[in-house]
Amino acid sequence: MYGRDPWGGPLEINAADSATDDDRSRNLNDLDRAALSRPLDETQQSWLLGPAEQKKKKKYVDLGCIIVSRKIFVWTVGSIVAAGLLVGLITLIVKTVPRHHHSHAPADNYTLALHKALMFFNGQRSGKLPKHNNVSWRGSSCLSDGKGKQGSFYKDLVGGYYDAGDAIKFHFPASFSMTMLSWSVIEYSAKYEAAGELNHVKELIKWGADYFLKTFNSSADTIDRIVAQVGSGDTSGGSTTPNDHYCWMRPEDIDYDRPVTECSSCSDLAAEMAAALASASIVFKDNKAYSQKLVHGAKTLFKFARDQRGRYSASGSEAAIFYNSTSYWDEFIWGGAWLYYATGNNSYLQLATMPGLAKHAGAFWGGPDYGVLSWDNKLAGAQLLLSRLRLFLSPGYPYEEILRTFHNQTSIIMCSYLPIFTKFNRTKGGLIELNHGRPQPLQYVVNAAFLATLFSDYLEAADTPGWYCGPNFYSTDVLRDFAKTQIDYILGKNPRKMSYIVGFGNHYPKHLHHRGASIPKNKIRYNCKGGWKWRDTSKPNPNTLVGAMVAGPDRHDGFHDVRTNYNYTEPTIAGNAGLVAALVALSGDKTTGIDKNTIFSAVPPMFPTPPPPPAPWKP
């Protein structure tokens, strides 16, 4: 048997090498004795490997220049080595252990703006304010709303949100606002969590949902009336009756009557309020008792909407002046979709996917406002919401045909947002004119930015890199870029270099059309007309309503920071809800994406219904 010599030659291993270790040791000792037959000097003796007589250890060590005790020397060297090892170990730990407090990148503009945009809702709260409301110049207000009417279906209407710069509570845009906030939480709870705002936004949603439960008999299964509005703002015909538009007063100082408007035929309002409660029930799904309470209220409202048809703003009501609803068909689809997600009940999905409803809602024709999501028309949002179902659950027959149509329509809407298409004009500064140059454009822009980002994230989550506009394929990044350019414009990247969100940046509107922000908190109670001097002064507002998004610039990128011109300087909760949704969608790390599953929590497993068999063949 041959091995390889490490120096290159063959190494033969023979039987002689099979000796035991003991044998080798004995042979070595014999060899040593032979070698020691002649006397060796001290140096030669030191080379020997055999056991030699051990000399007594020296007590001192000669270092050349000094002689030190061996014990001190050993202790000194050992201490130095131990200290070196300890320093090395500490250095290794410091370099390898992650330092979380240094690893966070600075917050992006969208996250910074998100903190402020949510604060706006704190400034719009009505009723008895919580101690932690964090808006120093606001206090509890309108604590008598809805009280004193004997035999009514409501006990009191304290709470909720003021709509804009006045103190009216319009339930139609308010419920849309809460639906938008809930939708954004359901999709982007991880991003809210990362921004430290999840508990805050959920608290804001609950404030709105709790109020809506007061506006009808929420414990009943069937109702015949709901409250549409609290307060009044009609000043037509030169009326001088004190109300929420004629007077310029802080909400805390209001002393005039605030009428309650009821309605018994208001499908649009009831279905929108049902959507708000149903979506909120998903947000609070971990609180089962509260979530079920919201679901029950949503079911009751939707049944009322379907049973007693009519527009809430019909028959010359005051709502027609401020928030006129054009139809209720879009709310039927929108409310039905949210109730399906909240309950998993197929009857709501069957309703939301009825071709007749879609036709009445305008899903199959493209008018000038087609694809524009707003407090009035939810069709674009409903189509995207149902496209989500097709992308992730694919329920198949009998829903597939209409869901495919909604998906295709959503794709077309997304194409219309892109600059390469000319469905909508743009200002020279790049702002898309979704309302065709009419005043107050920003509320529509933020909704579109949210839809575009959300559709982009849906496609990413479905492992789809983009979508088709005609024969051309576009990356999801194109949609996100569209959303960013529009929100960046609002944050200050515009010809005026002005932020349209109060408190964001260095240059923003200082004359907000807002009663509470424009009147100082100086312990003086200004009466109805006494506050007019604060309305008409050219001085900046004494109070800053942080996060308020104003109505916006005109079609020439012009903006007049004038308190009395509400078309430029008035904020609304509907506008800010869309802003919050768009900001959270764009904030943080893109890879975080959407929460694919939470919205389906109540939806049972999908087993597509097979199509009916063909008719029997007849010869």
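Heads up, the Cβ atoms here are built off N, Cα and C, so glycines get one too.
All annotation found in TrEMBL is predicted automatically rather than curated by experts.
According to TrEMBL, the feature active site maps to His513 (among others). Over all protein chains present, the Cβ of His513 (active site) has 25 other Cβ atoms lying within 10 Å.
Summarising the annotation, TrEMBL assigns active site to Asp561 (among others). Sequence-distant contacts of Asp561 (active site), defined by Cβ-Cβ distance under 8 angstroms and a gap of at least six in the same chain, are Pro509, Lys510, His511, Tyr568, Thr569.
What TrEMBL records for Glu570 (among others) is active site. Taking Cβ-Cβ distances under 8 Å and a sequence gap of 6 or more within the same chain, the neighbours of Glu570 (active site) are Ala164, Gly165, Gln440, Leu512, His513, His514, Val550, Ala551.
For 110-583, the entry in TrEMBL reads domain 'Glycoside hydrolase family 9'.
Taken from TrEMBL, the feature region 'Disordered' covers 1-24.
Residues or ranges marked as transmembrane segment by TrEMBL: 72-94.
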